[in-house]
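Quick look at what Swiss-Prot lists:
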{"type": "DOMAIN", "residues": "121-215", "note": "domain 'Ig-like C2-type 2'"}
{"type": "DOMAIN", "residues": "327-411", "note": "domain 'Ig-like C2-type 4'"}
{"type": "CARBOHYD", "residues": "ASN283", "note": "N-linked glycosylation site"}
{"type": "SIGNAL", "residues": "1-18", "note": "signal peptide"}
Amino acid sequence: MVSKSIVALAACVAMCVAQPVEKMPVLKDQPAEVLFRESQATVLECVTENGDKDVKYSWQKDGKEFKWQEHNIAQRKDEGSLVFLKPEAKDEGQYRCFAESAAGVATSHIISFRRTYMVVPTTFKTVEKKPVEGSWLKLECSIPEGYPKPTIVWRKQLGEDESIADSILARRITQSPEGDLYFTSVEKEDVSESYKYVCAAKSPAIDGDVPLVGYTIKSLEKNTNQKNGELVPMYVSNDMIAKAGDVTMIYCMYGGVPMAYPNWFKDGKDVNGKPSDRITRHNRTSGKRLFIKETLLEDQGTFTCDVNNEVGKPQKHSVKLTVVSGPRFTKKPEKQVIAKQGQDFVIPCEVSALPAAPVSWTFNAKPISGSRVVASPSGLTIKGIQKSDKGYYGCQAHNEHGDAYAETLVIVA
């Protein structure tokens, strides 16, 4: 009797579990953000994976119906993809695509359409520096306004010839996240009559680098300081908030001779790591930067750098790292599944977020309702699923740090 019950239960589980089916209209994945340059044609893609013909597409912008025909926009044939012919600032917004077919109404996740730009300085100047030999030095470089935030690169360049330039890889020299260049000590090898240190900005808004400022070091002042070995804080990170999934860099830069190699600890535990580790001090900064390749929620805590060059007084600096997270799926449904009529059917959808992100469900692009559907932290249960329940089910979560959307097409057999 027990054996028969087990067999019957196994059969029920097999029938209730989602199974692959013949492909029907399912939207291709889209990027969460699309950047555009003003007046440069840009595409917001929306198309089914198989390029299905009998699909009617529509769009929303910032939560409202978007009539693209009233704008300088074209639509690709047999797709919902929009081609912004000459996009401008007013085209920025949060877009969403809908694809209606015999299977129901499929919905894309929200696509952020943003203008990329950078405010380019009108002048370039070269500043001559004459630092004290063996002292620490800061070469300033302000990051221009722009979106996304421009990237700063430093190079050692021969005069005005940008084609003759080298990357700066000296252990004593490290760039801060604000774009400034720091020398733990300036030495004779840094002096040159021909070369200069050039700070440049890079951005998706502009082709190539944009030089911002240059510095020459043609000579050094004689050092009369008898305490040259004392460690001096040049740049250290303050308490930080990091987003899960992002790269996080914590800085601990001290000047002094000889140069110190910071040791790193998290809540008292050594996190120096190896070059291949997710958390490591080995990233071409001689330990002055702790590199977290992918930030996790469990990285929250207090990071401390111990600095000692065996000459000056040892130094210590602590940074409190707080980790937040936009919604991230820990479990989500397949894009297309089949359910057996009459059985209870579960659509899995589990989300991790900090702070917590409420989950909402849609059916064919509308808020879901009905006494036979029950939402839980692990997913959506449809009791006694029927043919009329065929369609697209969307699981969406949102908090102040982002949003996530997953959708599945349920076919009832």
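Count begins at 1; order follows the chain as displayed.
From the backbone N, Cα and C atoms, a Cβ is placed for every residue, glycine too.
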Other C-beta atoms that fall within 10 angstroms of the C-beta of the residue listed as 'N-linked glycosylation site': 15
Mean of pLDDT values spanning the domain 'Ig-like C2-type 4' (327-411): 97
Residues of the domain 'Ig-like C2-type 2' (121-215) by DSSP state, where helix covers H, G and I: 3 helix, 51 strand, 41 coil
Counts by DSSP class (helix H/G/I, strand E/B, coil) across the domain 'Ig-like C2-type 4' (327-411): 3 helix, 52 strand, 30 coil
